[in-house]
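Reviewing the structure listed below.
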Amino acid sequence: MNTYYIAVLAGDGIGPEVVNEATKVLDACAQRFDFSCCYRYAEVGGAAIDSSGNALPAATLTACETSDAILFGSVGGPKWANLPPQQQPERAALLKLRQHFDLFCNIRPARWYDGFEVLSPLRADITAKGMDIVCFRELTSGIYFGAKERSAEQATDTQTYRYNEVYSIATKAFEAAANRKGKVTSIDKANVMATGVLWRQVVDDVAKQYPHIKLEHMYVDNAAMQLIRDPSQFDVMLCDNLFGDILSDELAAIAGSLGLLPSASINTRGFGLYEPAGGSAPDIAGLGIANPIAQILSAALMLRYSFANDDAACAIEAGVAQTLKQHQVTADLTSNNAVSTASVGDAVARFISEEATSWA
Ligand code: NAD
Ligand code: IPM
Ligand code: MN
């Protein structure tokens with residue numbers, strides 16, 4: 001039997017609540033698909049600052065290094081927002097992990113589930129056309145990791161992109177498009193930014209190797225607008241670090257809630273960090289009402305990308321679709337009869353276990 005070694009870093013706010021539902025669902029998968037999960041729980045973010053003074057303690061990094069994947073909740077919140085920037089949970093833990101493990105390729109899939117287009121804030125005539133988009137976001141370079149300076153009078157962030165960095169993420173996007181609807185929309189600001197001009201040139205170079213993929217270049221401001229006007233026109237979106245961050249939250253809102261959007265951040269070895277695209281949601285933390293679906297779907301991405309277990313990943317995705325269909329949803333998705341975080345996790349896990357019985 002295969003054993004999957006998973007570092008579990010729940011973090012702050014709703015992190016522990018939703019991570020608990022993801023491990024519940026992974027355990028149901030392990031039973032059904034005959035593998036075992038060895039979880040290495042470790043502290044991260046504000047919780048780790050409170051207990052040890054460091055957002056990413058050495059023991060946590062070791063837990064990640066000795067595992068095959070990281071299941072990550074979320075970090076940060078008002079309690080730690082006034083620390084010096086370099087000590088804050090987002091930079092000291094999350095960005096550091098992305099950089100340490102070279103997790104350059106961030107994948108965020110967004111779609112409407114059948115019958116659940118009503119969750120979208122968009123008009124019915126727009127949702128009727130469907131949406132199934134995957135955003136490929138460059139995750140270890142750009143303005144996030146460029147030189148920064150700040151004085152009382154002035155502050156500077158710099159954006160640098162190297163040819164190879166754009167080449168690597170663009171290649172991932174084209175490979176994905178080849179197995180989907182065959183279209184890449186590359187998003188930049190080449191009418192203003194030097195990095196945008198380079199981005200466009202490199203993407204054109206990569207495109208030459210994929211003659212069957214349709215490539216479209218789009219300025220980011222237009223992309224933000226087109227996403228709302230007609231999301232059905234997109235298949236694979238290719239973005240730099242900052243534009244991908246912003247547009248992926250937009251994708252989540254179009255899908256219905258930030259609580260639906262999963263995220264996989266992987267390196268060339270298939271090692272990955274799997275987390276919801278959203279944050280620690282301090283406004284609802286501790287209430288048991290957070291939507292765990294983004295975290296549960298992130299666990300599905302982990303099974304697919306780090307453990308090559310597509311059957312188990314698909315079972316989770318089917319379980320989520322079924323749970324939504326049965327209207328077992330949290331308060332972000334409905335104004336009446338909302339269920340708790342744990343009830344959603346139970347429903348997905350039950351689907352996986354019951355299918356196991358009926359398929360046996
Ligand atoms: P947020 O994503 O935490 O919350 C934005 C809004 O979305 C809130 O109203 C929240 O209640 C809602 N929301 C988010 N996830 C939800 C879920 N699963 N179910 C229901 N509602 C959900 O963004 P923010 O308020 O800008 O940031 C809060 C903190 O989280 C900040 O410290 C920020 O830096 C951090 N953050 C962390 C990560 C991460 O660790 N991966 C990602 C984004 C933000
Ligand atoms: C995300 C988050 C992070 C980012 C923050 C918390 C550093 O917003 O994963 O989308 O900006 O990448
Ligand atoms: Mn974000």
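Just so it is clear, glycine is given a Cβ too, placed from its N, Cα and C backbone atoms.
Here the structure is a predicted model, which means the values were calculated and not measured.
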For the substrate site that TrEMBL assigns to Arg98, Arg108, Asp221, which of Arg137, Arg150, Arg180, Arg200 is also named?
Arg137
Conformational class of Arg137 (substrate binding site) under the three-state DSSP mapping:
strand
Compare the C-alpha of Asp249 (Mg(2+) binding site) with the C-alpha of each of the binding-site residues Pro85, Arg98, Arg137, Asp221, Ile289, and give the closest one.
Arg137
Gly77, Pro85, Pro89, Ala281, Ile289 filtered to the binding-site residues whose C-alpha is within 10 Å of Asp221 (substrate binding site):
none
Please identify, among the recorded positions Ala81, Pro85, Lys189, the one with the smallest Cα-Cα distance to Arg137 (substrate binding site).
Lys189
